[in-house]
């Protein structure tokens, strides 16, 4: 599921999209008076197989949906009705994830065919593939753009996270870093990644039952001094005993995880002032958050501490975090 970034303002009703194995995408909106959530639209009869990923453009006007039918659909909100305005084709088979860059000028997709595609957003809802990135040796599970810079991250069944970067606006994209087991990376499938609000840290989660925190000197990259590598900061292990499918970092620094043990966990950075760098501690564990695997956790971008979780049990739950101790 994905929250619409344009609905984070205090006076705008909150909206999120969910996608499912039932081949549909649903748009949900909060009713501020009743605090209930209503399904405002069902986007169907476009995808013919599971819809695996959805992502809003930064303006909140367009929604991209990636499907196992090998296509990515682009939907536009036209006066409250969602119309499919473009269909992106090219992947050989299942498309697993879709992500917009910070300015909304680029879209990335990835799939079971081991490739990552970068699309340029053209006028008139046209999308042109400008490069196909090859480097992963297995199914690519997720793509995610850095929150402020045009740096693309992809994680895969091949146990690695790859970082893609272009030196100049018209240059070719290339893999500038691979975070694998030899660089303190994961030893099994990397399912998901997320950035903190500042963009100088990222968290990854894996089938190896761990979460890892990485950091980079983004000030250096933003100043144009070239690429600064991501370094392993710490590993969170011993908290999960089943695959971790989803991680997401809230604006105030709380990491949520969703896993195959049906639980949702929240982590925060330890404030114990230890000499050996950062460490993270478990803030809260919600046992039996769902009846089956929790496959997506997403913090609402607004002021409220709302977390949405989606599960193989067919439900979405909205949680509100109370006051922190």
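Cβ atoms here come from the backbone N, Cα and C positions, even for glycine.
Quick caveat, the model's predicted, so the values are computed rather than measured.
Features reported for this protein in TrEMBL:
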REPEAT    44-76  repeat 'WD'
REPEAT    88-121  repeat 'WD'
REPEAT    133-164  repeat 'WD'
REPEAT    183-215  repeat 'WD'
REPEAT    287-325  repeat 'WD'
In terms of Cβ proximity under 8 Å, which residues at least six beyond the ends of the repeat 'WD' (133-164) contact it?
53, 96-102, 106, 108-112, 114-118, 173-181, 185-195, 197, 199, 202, 204, 206, 218, 221-222, 230
Let's see if you can do this one: DSSP helix, strand and coil counts over the repeat 'WD' (44-76), in that order.
0 helix, 18 strand, 15 coil
Within the repeat 'WD' (183-215) only, compute the mean pLDDT.
97
